[in-house]
Amino acid sequence: MTEPLQWARYHWQRPTGGENRDDHERPYSYSSLLAFRGKSSQTPRLAGKHRVVVPHLQPFKDEYEKFSGTYVNNRIRTTKYTLLNFVPRNLFEQFHRVANLYFLFLAVLNWVPLVEAFQKEITMLPLVVVLTIIAIKDGLEDYRKYKLDKQINNLVTKVYSRKEKKYVDRCWKDVTVGDFIRLSCNEVIPADMVLLFSTDPDGICHIETSGLDGESNLKQRQVVRGYTEQDSEVDPEKFSSRIECESPNNDLNRFRGFLEHSNRERVGLSKENLLLRGCTIRNTEAVMGIVVYAGHETKAMLNNSGPRYKRSNLERRANTDVLCCVLLLVIMCLTGALGHGIWLSRYENIPFFNIPEPDGHVISPVLGGFYMFWTMIILLQVLIPISLYVSIEIVKLGQIYFIQSDVDFYNEKMDSTVQCRALNITEDLGQIQYLFSDKTGTLTENKMVFRRCSVAGFDYCHEENAKRLESYQEAASEDDDSADTPSGSLSNMAKPRAPSCKMVRSGPLGSISSNHLTGSCFALGSGASEVPHSRQAAFSSPIETDVVPDTRLLDKFSQITPQLFTPLDETIPDPPLETLYIIDFFIALAICNTVVVSAPNQPRQKIGLSSVHAMPIKSLEEIKSLFQRLSVRRSSSPSLASGKEPSSGVPNAFVSRLSLFSRMKPASPVEEEISQTSKSPQGSGNSACPTETEKQDSNVDVTNGKVESLPGQPLACSLCYEAESPDEAALVYAARAYQCALQSRTPEQVMVDFAALGQLTFQLLHILPFDSVRKRMSVVVRHPISNQVVVYTKGADSVIMELLSVASPDGPGLEKQQTMLREKTQQHLDAYTKRGLRTLCVAKRVMSDTEYAEWLRNHFLAETSIDNREELLLESAMRLENKLTLLGATGIEDRLQEGVPESIEALHKAGIKIWMLTGDKQETAVNIAYACKLLEPEDKLFILNTESKNACEMLMDTILKELQKKNPASPEQASSEALHQPPAPPDSGLRAGLIINGRTLEFALQESLQRRFLELAARCHAVVCCRATPLQKSEVVKLVRSHLRVMTLAIGDGANDVSMIQVADVGIGISGQEGMQAVMASDFAISQFKHLSKLLLVHGHWCYTRLSNMILYFFYKNVAYVNLLFWYQFFCGFSGTSMTDYWVLIFFNLLFTSAPPVIYGVLEKDVSAETLMRLPELYRNGQKTEAHLPLTFWITLLDAFYQSLVCFFVPYYTYQGSDIDIFTFGNPLNTAALFIVLLHLVIESKSLTWIHMLVIVGSILSYFFFALVFGAMCVTCNPPSNPYWIMQEHVLDPVFYLVCVLTTCVALLPRFIYRVLQGSLFPSPILRAKHLDRLPAEDRTEALKK
């Protein structure tokens, strides 16, 4: 780290200590520390490595042309093609598919006279048809994108004109880097721009980012430091600064750079200063900024990857089958070539049909055989199904349509249904063997409910609050049973909000969705359909906001009065240390966050202090009823409160008394993917809580008297809080319940109304946001009473406990007290985690002005660097967050989603192994695992918690030996065959569960222990990985997928699950309360975990079975038909002659038999959805790939050979010795082949509908119609033989009908008999289930129970 620091000091020779405090009083972002640590350059910055942005003004003309003028403009183009390059480029892309190259080769080969088999035009027809269909599809899709691009590029915005010296309307496409742009409320940002001015007095701009990440809650952005104090808008003509920033990248959470003034003074830039293209201005009358990235270099466009395309497992298998058919084709052609050579060599003299060359030379039998090989390649080309890939694409689109149309996936509360974002892996849903799931928001609701807290070593169990939660559960269950949802219930529909601004400018957006504005287009729906409707303030349901205080803690609050601190009479003792801890604890809960405050009736408006002070004081009962009424309105997310708050007028004597505060070293908070909850048992077993509670008729009455005795809660319930995470919201609502209400927040200060102490205004110096490296969050404030710099920290207990101060400067007494407090708090934390609660520690630290100035100097160097900024900021945060004083801990409950235990139980029965990968504590994760039935009480648990690699290896060996004794299996089996098979049924032996923490997982993922870890995990029924980082999650999925060669599925709801979702074969995102990052990275998106069971067990099974059988059917019908030509070669000297007209030969596969298998692939249902859900074991059919095994493929081809033999030789022996011509012989073959192929599909179909029958009958009628018309018109189409009037004569010939019927029956008889015997003597589980479907409803229900 020395080089970056030396570089920073070199460029920052000016002293920073004398700068205004305002320069530092702003929040900073550290959210990308994990993702980008180690990716930055390790050397000082070099010239040309970064982007220099110069204003687009006359004084900077030369410099502008040198730098900014070389960057791309704001025009976007998401289309692939233009009118000029459409044909060549589309053909180039299509010929990347090997099958198309193969048929192009055959078409060219047929133009060689020596090997010509068909008319030249006929050979090209199948290829031309397929290429045309795909080209039309691609062209229509590209034209839709073109229209959308044109609409977006022509949107209008205000751009400063250097000629007219004012802002003028200009199209988005004409905006360039360096332009000054002015935007009004509700306008969409046209390009990435640095914010230079906002009409907000605090220099704040609120933006809605739903077009980027799907999150509807507002984000705040800050005017560049130094421009906040300006009363008037920045004049572009007077702007003389330049910007240097990082090159364009797709990281939405990072922006690094600095703004350099003309006097060489530099100001650091971060993502807080950047407005991103596609976001919408809210709650701000007007803003102005300078463009730094435009067009395709904006972060939104760099994130626009479009729909996801993956190759499914079945498609890879189909490619292998195609290669097998190519091998078969080569063998058949070699046979033909050899036969032709032998045929020619049998003639002693030159045969009359072997016409000499013009020079009299006669082709030898060997050379003739060589030519015949290529002729046979052309003749038998139909063996390779050219229409297979087109049909697969059509079938998958149909399958996706029916998945998205399933009403069972519809979530009324969120007004969303399943989204299929990957278009070509639907069948993979039916083959999943391993499922990797996040916990919070995936298995749980992500509705954080404050349950318990420990302050100063005392546990407060909140019995009354537990009763409230029980009443909500009962109310929720009643609401589910009734159609009419009562006002205020949890299931109220979210109502869209109308953004309210002081000045609304109707933008030219029309109906364009925000996703389209960012340039993102999805194949099956984009824009608004990708993002849930705007809804009420996030995390603001009554169950989350209404907290009933603990009576014992309220008693202690009632002792907090201003007189306790203000009198100078020394006879009054100092406030008890516990009281000071309580005050600090709830202040930390209220301010250590990024919560935005707003009024509930105008949730998107800022709150001025005048309105705040005018609000009347209300009792708890009035407040509760008011808030319940407000919560019914489903108001949208509130915005940030603003306004400079006056410091509260507390007497100076309070300062001296508060010196006790400064002695307490505060601890640092860590907010992690922390423990999440199952439904924890109500009540408490902790000795600090009463074991019995008086039964009250009303929870409100229990505490009402207490509350009224307090000074009141002036604005608490008249405000709404909008948080970025549910944990933050829960803690702020809990603090409000104890009369410590967050009133307003600006970039410079936070105001809290603390019960009897009045309004306290904290000067906000810095915010160190939560990140997954530090696992904590801190705020640095100047205390309004003591005027000292205080750091409040909250975060994961495992991290906070390590940062606590070892020694106390106030003597051994306080040191001993801190040790006891730490031990008691740890006991309470252990009790919380056993109940499945998410735990969080709260701590603080008091800094001297000298310490703070030293830290600030180093921090300023870190934040103004471009290279290595993340590492430098991380080091700076580490220096601040240490020597902490523990204040207390919280326990928050996160309930299981509805239907999760039932879904996991069904997935287990289906043979799917489920791993829970979470960042939470081990105890919490295990409790959730039991609650959701991932683990059963009778399971044998093995826990892997080690501190070294050797210990991890020894422990794994010990566990493996025990498992091998219980479930004997050789190591080879366990590590190879057994690992690749679906898990055994639960009754096959000992059910084991494996628990492993993040530290041990780090050892297990090392190459030397990977195999042993996989062997151990494969023997376990379920695996729970605790304290796992996002990177470890993805590594686990990658390891299992690659080493065990199994189909994997990952499901999550947050940004920390994205890497895991992208690594798995199938990624599923849940559109929950943590935004849409997981959804946007996923292949499929659902709204609740319970929908996963039907998606896999029903639609996954159907899609896999349908597509497998359809692919096999395509190979069958092509082999069966092309073999007719092959058998005929034995009777025509292997001359490459066809007994069928070439047009009929081409249309047979291209037209007459193409639609039925497509309909089969879309509509086939081997078992009903109800039965598949009741019998999850049927899913194992797809896991074992029983529908498309190599053996199944070869049996299908053998059946095709048999049917082709029957189809050829029955007509052959019927007409043997007659004088019919070649096409008259071929016509019954074609007709019988058509009936055989179509009726074969009927035998294989498990559910025939009127659509099936309509298509089959239509195919037969189209064949006869074509044959009759073609036979009547084609007099000399194919001399010397012609199909003229052949079909007309045959339809009047009884022998023709007899041949067709007899051939069809004999050909299909073996398959029909096999299916009959299979269904009656040795039925498969699928057939048994199909039999259940035919039973009456009552009998079927009874049979399913058995």
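Cβ coordinates come from backbone N, Cα and C, glycine included.
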Per TrEMBL record, range annotated region 'Disordered' [choices 215-246, 471-502]:
471-502
Looking only at residues six or more beyond either end of the transmembrane segment (1250-1275), which have a C-beta under 8 A from one in the stretch?
1141, 1143-1144, 1147, 1151-1153, 1155-1156, 1159-1160, 1163, 1227, 1230-1231, 1234-1235, 1238, 1241-1242, 1282-1288, 1291
What stretch, picked from 371-392, 1111-1130, 1191-1213, has the most CB pairs under 8 A with the transmembrane segment (98-116)?
371-392
List, by number or range, the same-chain residues at least 6 past the transmembrane segment (1111-1130) whose CB is under 8 A from its CB atoms?
314, 318, 321, 325, 328, 332, 336, 339, 376, 379-380, 382-385, 387-388, 391-392, 1136-1140, 1145, 1148-1149, 1153, 1157, 1160, 1188, 1192-1193, 1196-1197, 1199-1201, 1203-1205, 1207-1209, 1229, 1233, 1236-1237, 1240-1241, 1244
Below 8 Å between Cβ atoms, which of the listed ranges 371-392, 1191-1213, 1295-1314 makes the most pairs with the transmembrane segment (1225-1243)?
1295-1314
Go ahead and report the DSSP secondary structure tallies for the domain 'P-type ATPase N-terminal' (66-123): helix first, then strand, then coil.
32 helix, 0 strand, 26 coil
Averaged over the domain 'P-type ATPase N-terminal' (66-123), what pLDDT does the prediction give?
81
